[in-house]
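According to Swiss-Prot:
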{"type": "DOMAIN", "residues": "58-159", "note": "domain 'SRCR 1'"}
{"type": "DISULFID", "residues": "84-148", "note": "disulfide bond"}
{"type": "DISULFID", "residues": "97-158", "note": "disulfide bond"}
{"type": "DOMAIN", "residues": "188-302", "note": "domain 'SRCR 2'"}
{"type": "DISULFID", "residues": "231-301", "note": "disulfide bond"}
{"type": "DISULFID", "residues": "265-275", "note": "disulfide bond"}
{"type": "DOMAIN", "residues": "326-425", "note": "domain 'SRCR 3'"}
{"type": "DISULFID", "residues": "351-414", "note": "disulfide bond"}
{"type": "DISULFID", "residues": "364-424", "note": "disulfide bond"}
{"type": "DISULFID", "residues": "395-405", "note": "disulfide bond"}
{"type": "DOMAIN", "residues": "435-544", "note": "domain 'SRCR 4'"}
{"type": "DISULFID", "residues": "477-543", "note": "disulfide bond"}
{"type": "DISULFID", "residues": "511-521", "note": "disulfide bond"}
{"type": "REGION", "residues": "548-751", "note": "region 'Lysyl-oxidase like'"}
{"type": "BINDING", "residues": "549, 550, 722, 724, 727, 728", "note": "Ca(2+) binding site"}
{"type": "DISULFID", "residues": "573-625", "note": "disulfide bond"}
{"type": "DISULFID", "residues": "579-695", "note": "disulfide bond"}
{"type": "DISULFID", "residues": "732-746", "note": "disulfide bond"}
């Protein structure tokens, strides 16, 4: 056996989530599901509220991480109050979410998880069947009858999907001061031809949807702060001035339809639904509203560098720091990932205590994206490594960088299970409409079909499957908003795609993995060459919302390294598996020996799904010497390099058996090599290749004394998808004097700033590893 089992009168805010979904042409967060391209759903007719039921308004308040969640607050009898969590159920949560215009509730939370509210606790012991038109129709102890405290305030998490055609009840709107924005949808409509032709749309009228009608907003009370919020929602970090004269000319040509109200934002809101309702343009919203001495409100947004239609963006210097101080890691899509901050030359994570939309939006804008769509907690985008630099971050929303916010530098009580992440709003680039999956068993898989221009016409066709790999598949899944790639298929004869797309129109695709679109990858252009040809060899993908993330424990490598002079007669299995250098063939089998650089490697899965071998069990290889199956021919590379990067020796470990050696906390082991067991590494577990197992070495018999780099690369050929490939390389400085070896400064690539990386060759913390004679 080779292995060792390795969260009074209150007249503020008022409710409603505004823009959970935007039209497909304006916003690119839609899943590429077939149902999104079917006929529009019929208009929703809200159930009648019985005449004897009190009229109320609801809102979601508190420390929110998404605009569609928060503490449930009820406006009744001239006051805002809360709801107690006693006897609250998912049925009551459904009623709340539907009253707010969402399709359903995803969950509900107890014990003031969004912070304690103020004012009366209006409802206690609420019982709903789930079919009620309003929370006021559910049974309860009665208005204000409760024995609860605000530590028991209930919250809900609503689905972001809106009820089609939902109309808000504005009957109480004039009786509530500081009411929040209440509209079904919002958009930026390009007016000038120059902007209509651009992608993304960066300038135009701000329009809101009421029923089936899009209406303009009067600019009489419009401010730059309003523009900042709107631009942020559409994926832009900032706003700028525009030519008012040309818009006056356009407004004079056509009669406008104005929304009866105005907006009042502070500029720090992540979502327009958090802005307050501004002064009314007309006291009688029923009549045709005019904008006296005014024009339709216009926004002109500044895109980040990645999304600029004219090359490098000209946005303010604040968005272009000379050295990035924050980065995102482990996200499937552009503008999302675990937040990592550079401090004292080392990258570290952010603890999710007090992490909310305001702080997350500061990160997003700093990186050239819009406001935050979601502040993610609980290491849902994978665990980081290294220090936790920031804790209990509290931003006002006006900061240029996350490091300008108030925070606690102490990370006591935090661990990497609490790493904070963000999902930012990004501009609609239209990439999703140029790619589709067909023939799969579910919307996450299928044959890849691309839209290309041929002879002046747009046609759909296949992608040649030759040399198609997981990196190319990752770009496809990202472009479609379907997460990570779990598989890349070079043959898709078993999937029946669109019969009108059976011709190969793209070949020679080679991606780096960072592209926003498959069209951005290198390919043959119109000179399509697919040797195998035919429908059989069209490229395909399977996508997944989660992925594993393997990271090597650098400290264990450094601590376990030593030299061993091992006799040739003890290396018969190693010879069979080609684990020795070529010169071993000339070594005397009885008296000769090989000098081996031995070490242990502990490989952790810090991702959000299990790491499974690329090949199925039918393709595993039996190794008689080790008496078990190996599931991956190439899992890691072990290399000794000159300081100029030239390889002088390499590990020749032929293949690997993957299993769970140990796991964190109460996580159960799922994989083992023995008895033809399933192989892989469970999330939260690690696989330990001990220094004393066969082939766990680099044969340095022919290496002269000197200074070297020792490098370990996990999953070097990208055979299995991971959420982050940047942490797959570990490097150590190595000094070998012919008898002893020193291994020091072992670290994972990308853990330090570029400046610090350049200094890591300085001799410090040396470990003296003597030669071990056997």
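Cβ coordinates come from backbone N, Cα and C, glycine included.
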Tally of DSSP helical, extended and coil residues in the domain 'SRCR 1' (58-159): 16 helix, 34 strand, 52 coil
Note on Ca(2+): the CB centroid of 549, 550, 722, 724, 727, 728 has further same-chain residues inside 8 Å, namely 548, 551, 606, 607, 714, 715, 723, 725, 726
By CA-CA distance, flag whichever of 158, 275, 395, 573 among the disulfide-bonded residues is nearest to residue 746 (disulfide bond). 573
Taking the disulfide-bonded residues one at a time (97, 265, 511, 573), which has its Cβ surrounded by the most other Cβ atoms within 10 Å? 97
Of the disulfide-bonded residues listed here (158, 231, 477, 511, 543), which is spatially closest to residue 727 (Ca(2+) binding site) when Cα positions are compared? 511
Among the binding-site residues listed here (549, 550, 722, 728), which has the Cα closest to the Cα of residue 521 (disulfide bond)? 722
Listed recorded positions 364, 573, 722, filtered to Cα within 10 Å of residue 695 (disulfide bond): 573
Reduced to three DSSP states, the domain 'SRCR 2' (188-302) has 30 helix, 28 strand, 57 coil
What three-state secondary structure does DSSP assign to residue 727 (Ca(2+) binding site)? coil
Output, ordered by sequence, the same-chain residues six or more apart from residue 364 (disulfide bond) with a CB under 8 Å from its CB, or 'none'. 232, 237, 335, 370, 371, 372, 422, 424, 425
Closest of 549, 722, 724, 728 to residue 395 (disulfide bond), Cα positions, binding-site residues only: 724
Pick the one among the disulfide-bonded residues 148, 579 whose Cβ has the fewest other Cβ atoms within 10 Å in this structure. 148
Least buried by Cβ count (within 10 Å) of the binding-site residues 722, 724: 724
